[in-house]
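Participant: Below, the features straight out of TrEMBL:
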TRANSMEM  B:6-27  transmembrane segment
TRANSMEM  B:66-89  transmembrane segment
TRANSMEM  B:133-157  transmembrane segment
TRANSMEM  B:169-193  transmembrane segment
TRANSMEM  B:258-276  transmembrane segment
TRANSMEM  B:283-302  transmembrane segment
TRANSMEM  B:373-398  transmembrane segment
TRANSMEM  B:418-440  transmembrane segment
TRANSMEM  B:490-511  transmembrane segment
TRANSMEM  B:532-556  transmembrane segment
Amino acid sequence: MKNHILPAIKLTAVLIVLLVVVYPLMVWGMAQFTSGSGKGQTIEVNGKKYYSNIGQTFNDDKYFWSRPSAVDYNAAGSGGSNKAPSNVEHLQLVQARIDTFLVHNPDVKKSEISVDLVTASGSGLDPHISVQAANVQVKRIAKIRGIAEGNLQQLIVSNTEKPFMGLFGPERINVLKLNIALDNLK
Amino acid sequence: MDTEIIGVIAMFSITLLLAIPLGKYIAKVYAGERTLLDPVFNPLERLFFKVSGINSKNEMTWKQHLVALLTINLLWFLLSMLVLMNMSWLPLNPDGNPSQSADLAFNTTISFLVNCNLQHYSGETGISYLGQLWLMFLQFVTAGVGMAAAVVIFKAFKEKSTTQLGNFYVFFVKSCTRILLPLSLIVALVLVFEGTPMTFEGKDTITNLQGDTVHVSTGPVAAFVPIKHVGTNGGGFFGANGSHPLENPSFFTNMTEMVAQFIIPMAMIFAFGFFIKRRRFGWMVFGVMTVGFLLLAIPNIIMEMNGNPEIAKMGIDNSLGAMEGKEVRIGAAASGFWSIVTTVISTGSINSMHDSSMPLSGMNELLAMMINAFYGGVGAGILNFFIFIILAVFISGLMVGRTPEFMGKKIEAREMKIAMIIALFHPFLILVGTALATAFPSVGTSAISNPEFHGFSQMLYEYTSSAANNGSGFEGLGDNTPFWNISTGIILLLGRFLPIIGPVAIAGLLAEKKFIPESSGTLKTDTSTFGLVIFVVIAIVAALSFFPALALGPIAEYFSLY
């Protein structure tokens with residue numbers, strides 16, 4: 001063991017240079033060529049900056065709602081509910097979310113509420129909702145904003161992100177981008 | 001067909017297609033043959049060995065391998081405790097995060113040292129950027145150690161009769177420089193262009209569209225996440241791991257990270273076949289592992305896509321599947337698929353919360369770790385599977401009344417004893433750990449966050465994940481307490497080093513023996529019949545020892561739901 005100690009120390013030192021200094025610098029260098037320069041992708045609206053990949057709380061009736069979050073969209077403390085499918089407390093919470101949704105959206109049938117609108121995401125920061133989750137909110141927003149339902153449906157279609165290369169993974173809608181577009185509609 | 005399903009099939013197929021050429025490349029690297037990256041790495045490695053005073057020509061016996069391996073690990077352990085317990089005042093801490101307590105630092109150190117990455121802290125608040133970079137270092141080198149240990153087995157079966165099994169440092173350094181580093185750079189390239197941050201600026205503060213103020217954690221994420229997957233480490237930069245939209249911003253990154261974690265475990269099997277010049281044997285191993293993997297993965301995809309029956313009963317549109325703990329951009333199918341890949345190959349990164357998986361999905365995740373030999377972690381997978389091969393050879397030998405032989409070497413009492421100890425030690429660690437936590441409810445059971453059967457599953461999962469060096473968790477468990485930190489820390493250590501020492505010792509002992517040329521009386525080990533025997537041995541040894549525990553947890557939960 002003794003004659004391995006010094007080589008181990010020296011080898012660790014040179015590997016630290018390669019893996020902890022050179023490698024991150026290379027990645028950092030690559031990131032400088034991207035749109036956000038490695039600081040995350042952002043959208044600027046009226047001089048205000050938003051992270052397009054980080055979900056936000058949207059619970060105002062005039063906006064498309066985002067999904068429930070176990071951490072209230074705290075982007076400095078991500079996490080899910082970690083509730084088991086059999087957990088009674090969890091099931092009661094889901095039921096309560098359905099009831100709340102129906103109070104705010106009286107024109108909607110219960111069977112139209114998409115499950116992503118009443119369950120919390122894994123990160124608590126999910127920036128997306130499903131297409132059906134956006135559609136089910138159209139009537140409420142049309143009424144409050146006085147916009148024709150057809151225009152809102154148009155907006156949803158133009159904000160729907162297709163599967164990767166048209167083939168892989170689900171369709172989804174970035175709630176922040178959709179709501180920014182909604183604000184610009186007037 | 002459903003684009004979610006196509007996405008899953010694509011991830012598996014792409015991995016397989018890339019794993020075969022990568023396997024060839026890996027075999028060449030360890031055999032010291034010429035490869036594409038020689039002009040860069042030959043001089044670099046020569047420099048490394050010169051500076052470190054290592055004679056790369058110096059071949060080692062299996063014992064010398066283990067001594068070198070354990071010495072360097074001990075050094076990393078000490079360094080790691082030093083960094084994690086002092087990072088609050090060390091540089092690169094823009095968020096002002098605190099140092100870790102001694103028991104938490106012990107747990108974090110051990111868990112990254114053993115390539116497990118069980119995390120009892122949360123990335124946003126529990127560690128500085130310096131700490132993250134240090135853990136990233138461990139993610140590289142521990143994967144390299146696992147691969148170096150696997151290569152000892154490669155070597156032992158390549159040579160006819162030898163005690164000289166190559167140089168540990170050469171295998172280890174080459175694994176880091178020629179395999180892990182280039183792959184990580186490719187993955188990082190995808191990540192930075194898809195929006196994963198790479199910055200040292202610390203938390204940002206923004207006002208969101210509804211007017212609330214929000215803090216946003218970023219950091220050198222795009223350097224950390226690639227090696228976390230390529231090295232099957234799995235520790236997240238953020239608390240939410242691979243479900244966090246900055247770690248895994250799109251379905252494209254999800255596919256990339258999936259291939260990244262899956263490819264080396266698969267390629268190592270082919271590399272073994274290429275290295276010992278028995279490709280058919282490599283394909284037999286791949287076949288057994290793939291059947292086992294699919295038997296776990298396909299049900300999970302279906303169960304997660306079908307969703308929670310209790311929520312369906314509420315009368316809503318449940319067509320997206322079990323979305324609690326899942327992300328819309330990833331979807332239920334790719335989440336179910338990932339939950340098995342990450343548990344069979346011991347990555348332990350997650351893109352959905354396993355605690356919220358459907359009951360039998362949770363059982364399959366547990367089984368994947370309990371068996372721990374379908375593909376398996378970088379390097380470690382081959383080592384674990386090797387034990388089952390030895391057992392299968394012995395049992396088949398007894399059944400047909402011949403001396404058990406493997407690759408021209410007699411398997412005798414000493415090798416069998418080691419193999420049995422290693423095979424039984426895994427269930428021993430898991431079941432005794434869980435039993436202890438249950439027996440002392442004030443420190444053990446008090447950590448659970450879900451009632452009834454699922455609460456038991458949470459504890460079982462934590463110890464299974466520790467013993468299998470996986471690192472995922474049923475994360476509702478409040479596990480940052482001295483009891484959980486120390487008990488899982490000890491199991492992590494034993495669960496890593498014994499399964500390295502055992503197989504390396506067996507391989508070393510076999511390598512020393514006289515080579516018996518193949519004859520018509522030799523048991524063929526590259527046939528599907530032998531594959532079936534291995535599969536049965538795995539089912540009996542690994543699965544059955546856990547059945548009673550599984551019946552108390554996920555199976556009971558299943559029957560309470562359906």
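Backbone N, Cα and C atoms are what each Cβ position is placed from, and that goes for glycine too.
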Participant: Short question: which residues 6 or more past the ends of the transmembrane segment (B:258-276) have a Cβ under 8 Å from it?
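Facilitator: For the transmembrane segment (B:258-276), the nonlocal Cβ contacts are 11-12, 14-16, 18-20, 22-27, 30-31, 143, 147, 150, 153-154, 157-158, 179, 183, 187, 226, 229-232, 234, 282-283, 285-286, 289, 334, 337-338, 341-342, 345, 347, 349, 375-379, 381-382, 407.
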Participant: Give residue numbers and ranges for long-range contacts of the transmembrane segment (B:532-556): same chain, 6 or more residues beyond its ends, CB-CB under 8 A.
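Facilitator: Cβ under 8 Å, 6 or more out: 288, 291-292, 359-360, 362-363, 366-367, 370-373, 388-389, 391-392, 395-396, 423-424, 426-427, 430-431, 434, 453-454, 456-457, 460.
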Participant: Six or more residues beyond either end and a Cβ under 8 Å away: which residues meet both conditions relative to the transmembrane segment (B:373-398)?
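Facilitator: For the transmembrane segment (B:373-398), the nonlocal Cβ contacts are 115, 143, 145-151, 153, 175, 231-232, 262, 264-266, 268-269, 272, 285, 289-290, 292-293, 296, 344-347, 404-406, 411, 415-416, 419-420, 422-423, 469, 496, 499-500, 502-504, 506-507, 523, 525, 530, 533-534, 537-538, 541-542.
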Participant: If we skip the immediate neighbours and take only residues 6+ beyond the ends of the transmembrane segment (B:418-440), which ones have a Cβ under 8 Å from one of its Cβ atoms?
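Facilitator: Apart from its flanks, the transmembrane segment (B:418-440) reaches 370, 372, 387-388, 390-391, 394, 447, 456, 459-460, 462-464, 466-468, 483-484, 487-488, 491, 494-495, 498-499, 502-503, 505-506, 541-542, 545-546, 549.
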Participant: Taking B:6-27, B:133-157, B:283-302, B:490-511 as candidates, which has the most Cβ pairs under 8 Å with the transmembrane segment (B:66-89)?
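Facilitator: Looking at each of B:6-27, B:133-157, B:283-302, B:490-511 in turn, the most contacts to the transmembrane segment (B:66-89) are made by B:133-157.
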Participant: Same chain only, please: residues at least 6 beyond the ends of the transmembrane segment (B:283-302) with a C-beta under 8 Å from a C-beta of the stretch. Say none if there are none.
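Facilitator: 5, 8, 266, 269-270, 272-273, 332-333, 336-337, 339-341, 344, 357, 360-361, 364-365, 367-368, 371, 373-375, 385, 525-528, 530-531, 534-535, 538.
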